[in-house]
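What TrEMBL records for 104, 105, 106, 107, 108, 109, 110, 111 is ATP binding site. What TrEMBL records for 11-700 is domain 'Myosin motor'. Annotation source TrEMBL lists domain 'TH1' at 816-1009. Sequence annotations record features per position, and here TrEMBL assigns region 'Actin-binding' to 578-600.
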């Protein structure tokens, strides 16, 4: 198909119909190449060939669902999703029932394929999201969990092998949503309950119960957590399987039962039956001492445990296991069983009770998924997709009755497959007005008739032997077949062909199946076909106190003397069910998945060419290719064909104005392929693969330029769309900001409309929280309001007093409330030594300052005052301190204000310390380690430390652009002579002035108390 061609030549040919050479070697070479390239799916027309990869592959996620949803099967590379979508589309478009037949041998991936198809269908349905439809989908999926637990087992070929055939109908309403379903099961391999080959396991449910149930639950069921203790599940060897987690699966089964509405007591009964089968397998017999070879049960406690699980009396159970009640001529005879007969009856009982339980489980699941009880309302006709997952053709070293039935089933399905494929081809040709050509193929009807024809077929001969009076052996059945079928070239045995030494005399017969020759052993055919279960067991279980067990065995209500019709044989029932299945499939439009097992060791890298070749032969895949290629290799609707190939000619690109039919003819004429095609009513038919390859190559030449053009247009359109969005975003943002700004300003105007009349001019008003986008703008607005408040306050202050006000603000800022009285309420004059009220010798001071100004170059005096100063020798002296715009002077008032040392530049000052009390102590810290330790002293006893702090702090901010490092503490420290000293402030008599004195190792300032 076109989609498979487009994968690339390195992956081989995706559709086997397009192979150049239609031969088995070419088929196998292409199959192996695709497998090695991780291409596990291929097509034969619309048939999917699936090779088990034996590894997890990420090709089933939602992106793959989207790729195949609604697409034609030939538009994408081969995938099982394409087939599932084709079946779903056909069902919706034509309102016609469809089916998907999955076939292949055990371990080829049939069960996994059916689950993948189910998951795809649930993924593409219920677009409306109806809750009841979701429930139906969940129930359909969860039903698989229960069926796999009780019907699947580990075999030497497959860790999760279905040991029963399953056909599931999924019902859909007119919108294509699932509304329910129905399951038919075929031929459960119940012999596995009592016997498994080496390396195999019993059904999963036994191991799930042993490993997953809680300890109290196991104790209640009289079990121990050790599979090796039970005869029925230890025969295959190791009970563990690395790919299976029985403990988790047990929880999954319990959850699935809850989802499907299983009553809790019924679920408990099912597990009790599983436990009963395990204990039943451990029942052993011995010959009674007083009667020769009549059996009795060895372990009476085990018998009691078994009776408790199935809720019958010990005596009734013991009698059923060791005796047989026979009614003949109105008389009732109680016949004891020999030890060998008792073991046979025990195993038959185990198989029957498990088989009946599985049948009830399928029935209960059908009740849960019945469209009429699903809760989904639907009108009109509902359509169906059927999914058939059934055992594949089996050829073992020892083939018995089960393999005979399974292979007969495959013969029937192969006959249907060939007939329906030919029928589909013929109907399409007739529908399109194309002349039909006869196709030669092998018709396996002769093999089917060999098995099922009335009176002369193998099943009829077997039933006749089972109905015969007296003891009939398997050897007698083989002799009867030899007499009636000796002339059939599809049947042979030693009696009809004495020279064939490969057949064991009086045991083997061979049938030439379409898939190959199979040798069967007749041993066990009679017993397995009769499927005998004594009426005693049926009566026993009917009389159980457990309502579910009683319900499973309604035939047990018959009394001993009541005569019943002989039950139909297993072969007869199986034949009728398979015929009914084939008739049902024939009414639907079929789709096929053919599964292939690449090797016997479950390796993801090995391709066993011999093994795969055998499967390709018995699946009839090459014959399917020949049937498909007998007419035309490719066909497509005109509209789809024109859409795919319109770029190969300028006359149809980019859009053809006429009809699709005319456009297709233009393309074919331009490419020169008129002799290799036929035109139907709605489709074009291409005969040879080379024509399709040429069309694809021409398309591939044009596609890069088309892709670049589409990308260019897409990028341009995308960029324009993005630009329009960005412009719209910025416009919306601008309008939004304006709106938020207007709204915020309205709030502010409302809050601040009375600030002019307020005493604090709005300082106490709490600002509304601004939007984040306006936070920076609001900060500026708050600063503007603060400036306005300052203006309103300062307008009442004379302008010459503004510098003083700035100094007081600086002092307030650095003190941070650490000193209660810092002279805020008095007038700050700064140069107090120039004033007569403080300094009687103003002329001397002014004269000395004039000479210092001319010498040091300062422009003005910021602060001056008398003070007490202490030096490193603890000597206290009267001094004057002068702070200029260049630095600090220490002057001696007694020597006409002679400087005590050169000017101290501000660069040497690194901080200041004062006390929090009323004393006038001030420590100016210098970098040379000899601080200025002084106490301001004035005749008027004014607070001047705050003014000194403000002058220095203001100067620091203006000149050094940082805050003055100020310390306010009750225990100030200083450095004198590079030694750290602590100063203590102490009170003294009020009549004296402040003075510094040595106080032990420290220094003390004695401040006159008021």
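Every residue, even glycine, has its Cβ placed from backbone N, Cα and C.
Since this is a predicted model, take the numbers as computed values, not measurements.
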Item to check | Additional residues surrounding ATP, by Cβ distance to the 104, 105, 106, 107, 108, 109, 110, 111 centre under 8 Å | outcome: 52, 157, 158, 161, 392, 595, 597
Next on the checklist: Under 8 Å between C-beta atoms and at least six apart in sequence, can you list the same-chain neighbours of residue 111 (ATP binding site), or say none if there are none?
Outcome noted: 148, 152, 160, 161, 162, 389
Item to check | Rounded mean pLDDT for the residues that make up the domain 'Myosin motor' (11-700) | outcome: 86
Checklist entry - So among the binding-site residues 105, 106, 107, 108, 110, who's got the most Cβ atoms within 10 Å? => result 110
Next on the checklist: Summarise the region 'Actin-binding' (578-600) as counts of helix, strand and coil residues per DSSP.
Outcome noted: 9 helix, 8 strand, 6 coil
Next on the checklist: If you count CB neighbours within 10 Å, which one among the binding-site residues 104, 109 has the smallest count?
Outcome noted: 109
